[in-house]
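Copied from Swiss-Prot, the annotated features are:
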type: DOMAIN; residues: 93-217; note: domain 'AB hydrolase-1'
type: MOTIF; residues: 178-182; note: motif 'GXSXG lipase motif'
type: ACT_SITE; residues: Ser180; note: active site, nucleophile
type: ACT_SITE; residues: Asp367; note: active site, charge relay system
type: MOTIF; residues: 398-403; note: motif 'HXXXXD motif'
type: MOTIF; residues: 398-403; note: motif 'HXXXXD acyl transferase motif'
type: ACT_SITE; residues: His398; note: active site, charge relay system
Amino acid sequence: MSQVKVAVRSEEAANSYTQTFGMSWRQWRQACSEEYAKQCEREVLHTVDFIRENEKDPERLVEVVDSKIYDNDGLVHEVCVSDKATGKANKRSIVYMHGYGAGLGFYFRNMDGLTKGVTKDFNSYFVDWLGMGNSSRPPFDIKGQTASEKVEETERFFTESLETWRIGHGIEKMILVGHSMGGYLSAVYAMQYPERVEKLLLVSPVAIPENPFASNDDAEVYNSVASSAVHAVMDEPPLSNVTNEVLQTQEETTGLEPSRPSKPKNPLPRFITFLWEQNVTPFSLLRLSGPLGPKLMSFWSSRRFSTLPPETFRALHNYCYSIFRLKGSSEYALGNLLAPGAFARRCIMNRLRMLKCRTIFMYGDKDWMDDVAGLEATNRLKEMNIEAEHHIISNAGHHCYLDNPEDFNEIVLKEIRMSLRSFSSISE
């Protein structure tokens, strides 16, 4: 049976994985090419038995592909898992999209469980968004002047590239899974191309609730309900969503260490808001840090991936740094789509009527994302006679697919089985 190794590290061991200055310097000098980033991705994928020794797997064929969608800077990077015996033809498709600034390699703990016994009916695609991961990094040149124009143009950058990729693969309809910002963009894709999405699985999606701090500069102006929320928030501001993403450890999210209570924080400092509005991303700061970059990032990675065994941790750290270091591209979408603090400039909640397919919301029980908004969206969809479900995954944070792959996989596999039963009944 293919497995991914799991180990629990002590706090002392976890701290030992922060890099020395010498290690940081060496990695900085090495991590400056697309080939290095792909090599690091291979090292992550090869921690999975059936991928590392794919020739021995009797069922699944693993292909790493760069699909050309545009003439210039238009390669979309993917891992496809299909059936060795029958190939890809006449199969249904399930497509997994990663979150902001990440890459398809983040799904490495899910690839075995999500594809074993599935390839006879489904081709599984793990895809890097254009401008992220190991896909091409075209210039991100948004010409819109108003916030609304920037949102629309930025959303089209992602949805049109995904649609062009779909057409190139001859996929008629797909189950679409998206995490965080990838969930937001997947939802927008489903709104723009409803006939192409069979089901929508949103994994801790950003941009669901209204922005209580919205102003006339944003794509939508806050209403009276959101306005009242401002006062509630300002009475006792919660820990910043963005801050939580940096500070939460994997021990906390997986239940191996008690969660620290959130401490009230003031709204984001003005200089952070200024940097956000100027599209200064975390990755641009990482690039500017030069030889210190890998060491600085190791403070984050040693916390975020703190329960993984040493070799897996190192592979994932190297992978993250290698793709973060590549030329900036669609990472600059952040400030166009989200206001400072990670609220949407144009939220999904106010566009739910455009969704036409069964929609699943998933959150970790220690998620910093607003799962209550996901529950409200679920209820609103049901009121519109759209099938919807809301799931909380135990012992997991924002990256619930990574923290608790077994429970996450089971929810996805349930939806796959339901689709197969529905398809069989229609065929009969």
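Yeah, the Cβs are placed from backbone N, Cα and C, and that goes for glycine too.
Counting only same-chain residues six or more apart in sequence, the Cβ atoms lying under 8 angstroms from the Cβ of the residue listed as 'active site, nucleophile' belong to Gly99, Tyr100, Ala102, Val203, Ser204, Pro205, Val206, Met369, His398. Mapped onto three states, the DSSP output places His398 (active site, charge relay system) in coil. Secondary structure counts, DSSP: the domain 'AB hydrolase-1' (93-217) has 47 helix, 24 strand, 54 coil.
All protein chains considered, the CB of Asp367 (active site, charge relay system) has 24 other CB atoms within 10 Å.
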